[in-house]
Amino acid sequence: MNSTFADVYPVGMSIFDPIDLGIDEYGQPVTLDLVYRNLLAGGEPGGGKSGLLNLITAHTALSTDTRLVLFDGKLVELGQWEDSADEFVGPDITHALAVLRRLQQVMNNRYAWLRNRKRRKVTAGDGMDIITAIIDEIAYYSATVGTKQEQDEFVALLRDLVARGRAAGIPVVAATQRPSFDIIPTSLRDLFGYRAAFRCTTPNSSNIVLGHGWAEQGHNAADIPPTNQGEALLLAEGGFPRRIKVAYLDDGQITNIAAHAARLRAGTTGRAA
Ligand SMILES: Nc1ncnc2c1ncn2[C@@H]1O[C@H](COP(=O)(O)OP(=O)(O)OP(=O)(O)O)[C@@H](O)[C@H]1O
Ligand SMILES: [Mg+2]
């Protein structure tokens with residue numbers, strides 16, 4: 001008898017497990033510890049940002065100790081994960097703001113809970129799900145749809161979530177194809193502990209993703225060949241940027257994993273099955 005995907009794919013993954021991202025330039029595996037951190041992916045169109053977000057979403061969707069909140073202005077980038085998500089926000093700024101306000105409320109509640117117990121962060125044994133928020137892409141909500149006032153509120157709420165969400169167990173993964181100061185102010189960029197620069201057009205835009213001065217030190221995402229999608233410079237808090245190649249899930253693989261994840265999560269997302 002042929003085994004089904006559900007038979008061969010490991011169940012019961014955890015968001016606290018290292019997330020497999022791919023390999024570095026020496027062929028060594030590269031992993032990401034997402035809980036208590038945030039990740040920003042930047043780079044020009046077609047560089048591989050959504051590929052990375054899908055990979056992280058796959059691990060997240062298969063982890064039964066996290067809830068998923070997805071923002072996808074294009075609908076098609078993360079759309080396959082909709083059934084695994086507690087919220088799936090499409091190109092609708094009103095919906096995006098409502099969901100961010102609600103996340104802010106959950107975060108505030110969790111901080112009050114922690115303060116009562118003289119604690120500083122949510123841990124795996126607290127019985128609270130990690131809530132992973134994934135945004136593809138920031139500029140869509142901060143600069144494209146909605147009024148200036150709504151866009152500003154989006155950025156303010158996102159900044160608060162990225163700044164305070166970590167200890168409350170709400171990591172944020174976000175992508176932007178426009179790594180410019182108006183989309184990602186330095187003060188927001190610096191709150192992301194992980195930054196992944198996919199191919200950029202200039203050393204300056206590479207620096208906007210990774211941080212000032214890295215291009216001059218030889219860590220420049222403008223030297224990534226346009227033909228090598230999925231190559232990125234990954235910077236983790238306090239380290240040096242590491243040149244990586246992100247593992248790629250094609251549409252068929254995503255369809256299979258998403259179906260399996262949706263089955264695992266059936267009845268838990270508050271969405272219709
Ligand atoms: N890690 C990878 N390995 C191999 N090919 C990849 C990888 N990531 C992306 N690609 C290829 O590059 C194409 C574009 O990638 P992706 O959609 O992730 O780019 P993007 O940075 O999100 O672009 P945009 O800014 O337009 O949304 C994919 O359709 C795929 O063919
Ligand atoms: Mg994309």
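Using the three backbone atoms N, Cα and C, a Cβ is placed for every residue, glycine included.
Positions annotated as domain 'FtsK' by TrEMBL: 27-207.
Secondary structure at Gly43 (ATP binding site), as computed by DSSP, is coil. For Gly43 (ATP binding site), applying a Cβ distance below 8 Å and a minimum sequence separation of six or more within one chain yields Lys49, Gln177, Pro179, Ala196, Ala197, Phe198, Arg199, Cys200, Val209, Ala221, Ala232. Residues or ranges marked as ATP binding site in TrEMBL: Gly43, Glu44, Pro45, Gly46, Gly47, Gly48, Lys49, Ser50.
Counting only same-chain residues at least 6 apart in sequence, those with a Cβ under 8 Å from the Cβ of Glu44 (ATP binding site) are Gln177, Phe198, Arg199, Cys200, Thr201, Ser205.
Compute the center of the Cβ atoms of Gly43, Glu44, Pro45, Gly46, Gly47, Gly48, Lys49, Ser50, which mark the site for ATP; besides them, the chain residues with Cβ within 8 Å of that center are Gln177, Phe198, Arg199, Gln229.
Checking the binding-site residues Glu44, Gly47, Gly48, Lys49, Ser50 against ligand 2, the ones with a C-beta less than 6 Å from an atom of that molecule are Lys49, Ser50. Around Ser50 (ATP binding site), the C-beta neighbours below 8 angstroms that are at least 6 residues distant in the chain are Glu77, Leu78, Asp136, Ala175.
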